[in-house]
Amino acid sequence: MEDNNDIIPIGQMIFILVLTMVGTGILTLPRDLAEAVPHDHWLVLLAGGGAAIASTFIHGNIIKLQPREQFFDVLSHGFTRPVAYVLGAIYMLYFLTFCALVTRVFGEVMKAFLFKNTPIEVINVSFLAASVYLGRKGIEVLGRVLEFLIPLLILFIVFIFGLSFIRSDLYNLLPTFQISFNEFIKGIPTTILSFAGYEILLVFGPYLKKPKDATKGYIAVVSVLIFYLLITTATLAQFGPLQVKRLLWPTLDLFDTIETPGLFIENVQVIVMTLWVLTAFTTASPFHLGATIMLKSLTKSKDQAYLSAPLLPIIYFVSIIPESVSETYEFLKACTRYGTTALVFVVPLLLLISLLIQDKMKKGARSNV
């Protein structure tokens, strides 16, 4: 902890976690679910959300056991310093990769709907420049920005979804409770990965005003779960599972079906694109800041502000590696399938077990004195 300007309350932390999670899979979640299971998509989504909630308690308890400790130092306590350097570098690359892929998806969406004649490289660099600026300001500024944005996002989302349900056909959600056990188990990994992003709590945890509140991070996952249930239900009710499988961005296609006769808004897509710009930015920025903080710990630097900009070229070049939109999503799926499983579930669980054992041994040693 460097100074009081980097301390944020749990409310702002929850906002950061919510917006980090939403941007990673919001555009394709209905299609991913439709491809994973034939029906009862909401049941699979609930199961995945439950697993993510359990994981946030693991992350929160790690922070409570080592309050005010940087994540790199916590890794050192749990696994020794050499292992911490390796894992710290992997986490940094993981955050950079996610930031890069979100940037690429943002560029593809902007080029498809708004800037058809603008090179995607220009879009990506402009997006990353704003992220670098916010990353230089630290987590307190990030928390305040997201605290300001989230009420606006909620207001627009409620309005848009209210309109989207008007022409929905609930028969597209049938049958219910007919999914087999094997189909259910097969679909859970897809839904768990759609919550990727809350692991940033491990890096931002030391900046909590009250570390004992770290386990309240589950509130963010519950909020995102409710949002995912709404968006999945609305999209599947509108198009049906078979048609959703053929759509690249079913969530955006859902909003294209909205009609607003007599309202002051002539083109709802203007609002949708505004929401997407804000959502993508508030997803990429925490990952960028998380990578900057990890780099600061690895290099033992005292100031993270000057470390934010040098990461921009790395993020940019990773973002242009995929040659197409489909390849970008394949890259993203591979990153979440392997990286998220290891870095969000396995490593934190082993770290918590190690810290608990060490804590118990210390208490036993004190009692024997």
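Cβ from N, Cα, C; glycine included.
Annotations in TrEMBL come from automatic prediction, not curation.
The feature transmembrane segment, as given by TrEMBL for the ranges 168-186, 187-205, sits at 187-205. Counted over residue pairs 6 or more apart, the CB atoms of the transmembrane segment (270-293) and the transmembrane segment (217-239) come under 8 Å in fewer than three pairs, which marks the two as apart.
In summary, the transmembrane segment (187-205) lies against the transmembrane segment (41-62): three or more C-beta pairs, each 6 or more positions apart in sequence, are under 8 Å.
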